[in-house]
Amino acid sequence: MDAMKYNDLRDFLTLLEQQGELKRITLPVDPHLEITEIADRTLRAGGPALLFENPKGYSMPVLCNLFGTPKRVAMGMGQEDVSALREVGKLLAFLKEPEPPKGFRDLFDKLPQFKQVLNMPTKRLRGAPCQQKIVSGDDVDLNRIPIMTCWPEDAAPLITWGLTVTRGPHKERQNLGIYRQQLIGKNKLIMRWLSHRGGALDYQEWCAAHPGERFPVSVALGADPATILGAVTPVPDTLSEYAFAGLLRGTKTEVVKCISNDLEVPASAEIVLEGYIEQGETAPEGPYGDHTGYYNEVDSFPVFTVTHITQREDAIYHSTYTGRPPDEPAVLGVALNEVFVPILQKQFPEIVDFYLPPEGCSYRLAVVTIKKQYAGHAKRVMMGVWSFLRQFMYTKFVIVCDDDVNARDWNDVIWAITTRMDPARDTVLVENTPIDYLDFASPVSGLGSKMGLDATNKWPGETQREWGRPIKKDPDVVAHIDAIWDELAIFNNGKSA
């Protein structure tokens, strides 16, 4: 993979500006609702990243819509365009289950992958840009950061792109995760992480191992894009997000130890929040407008107390909004879709394509096309999608089609469903499965059903009827009409000869 070189977020913004992918907004704009409205209109039009240089009431600029197009996601992952993200997926598939070289020629072919692994270790710095300014104790005031309020009925300002860094008591490597954080005081945020997410698991293990002790947490804002995207990519459990970011960037990820704890944060981050979670301290979070297009219900989550704020000189606050697709998470889903395909194909070689339509909230519905090889094959693939990667444990609907269907064309998919499916025979319903906490359609919070649709041609054993033969054109006739098509002038005002 030929990486697009950048060292930090500011380098990346310079790169975007050179390519016409960044717009500076000098007009004063309010972080309360107004930035969301502008960013939403811009994203829906496929517009640039936005740097609001004069947010009303604040001296700190706000960066929004950074990953508002698949192209910018690809650029953030070191690639020129979205199609190149298949190579990222192939690398992840290799790292997930590396195969030893079969001989000298195979070793030579795999050499680029082995060389990339050299960029995996982090580089620890003693001093770092993210610690150029340090605020602690009573001077900590999160209200000085232009935290956005995105929707009219949101409970409070919300940090959306915080890269939360944690470490469990029995783990060597840290976990990086993106969890939203509600502002509830000058030094307090609500850490909304679901119980199965890495940060929450680290916290649960800490509470069991160290009853009553404070759990150290740090949150990086404005890290370099490779590190941010590493936190939302299906990285193998044996690989740290920092290591993966190094692979994407082509250089080792630079980190620095926090001022108040032993966690390591991206050295070039714009802002770092350091602090702790007091065991048992929780607060009601929400409601907030979410990526589903609805306000979610209120629930209790741990409170994150901020003891230190470190930042760069002239720091930039990186933010986003979530709402009914398309939004930034939906765009990320479109780009990361290309990363998923090679990973799935490594486990299931019969998969031809895999598509997560953004209008399905990026993960709730999947369309898979396969080279079908036996009766019941489609059902095996459904079960594989639901179980192989944890990213798809919340996928409610899986549609499986043959490889003559374009998974990304609804006309094709609907045709396959309506001509190759019997609703009773070809629908799989699975009850009492993990479901997204935000899915209010499920009968119980976090627990619901899944549906698989087998829209493949049926094999012997799956049907007793003679199966339909698809209509195919005569290639000789097609070639002849191609040759005389322009002469026919059907779509021209002139008359045919």
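A Cβ is built for glycine as well, from the same backbone N, Cα and C atoms used for every other residue.
Database features, via Swiss-Prot:
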BINDING   Asn175, Glu241  Mn(2+) binding site
BINDING   Ile178, Tyr179, Arg180, Arg192, Trp193, Leu194, Arg197, Gly198  prenylated FMN binding site
ACT_SITE  Asp290  active site, proton acceptor
Proximal residue to Gly198 (prenylated FMN binding site) among recorded positions Asn175, Glu241, Asp290 (C-alpha distance): Asn175
Inter-residue Cα distance where the pair is Glu241 (Mn(2+) binding site) and Trp193 (prenylated FMN binding site), in Å: 18
Cβ neighbour count (within 10 Å, all chains shown) around Leu194 (prenylated FMN binding site): 15
DSSP-derived class (H/G/I helix, E/B strand, else coil) of Glu241 (Mn(2+) binding site): helix
Candidate binding-site residues Asn175, Ile178, Arg180, Arg197, pick with smallest Cα gap to Asp290 (active site, proton acceptor): Arg180
Mapped DSSP class for Gly198 (prenylated FMN binding site), helix or strand or coil: helix
Number of Cβ atoms other than its own within 10 Å, given for Tyr179 (prenylated FMN binding site): 24
Count of other CB atoms lying within 10 Å of the CB belonging to Glu241 (Mn(2+) binding site): 25
Fewest Cβ neighbours within 10 Å, where candidates are the binding-site residues Arg180, Arg192, Arg197: Arg197
Trp193 (prenylated FMN binding site): tally of other CB atoms within 10 A of its CB: 21
Arg197 (prenylated FMN binding site) and Asn175 (Mn(2+) binding site), distance between Cα atoms, whole Å: 10
Maximum Cα-Cα separation (Å), residues Ile178, Tyr179, Arg180, Arg192, Trp193, Leu194, Arg197, Gly198 listed as binding prenylated FMN: 14
C-alpha spacing of Glu241 (Mn(2+) binding site) relative to Arg192 (prenylated FMN binding site), in angstrom: 20
8 Å Cβ shell about Ile178, Tyr179, Arg180, Arg192, Trp193, Leu194, Arg197, Gly198 centroid, prenylated FMN site members excluded: Thr164, Gly177, Met191, Gly199, Ala200
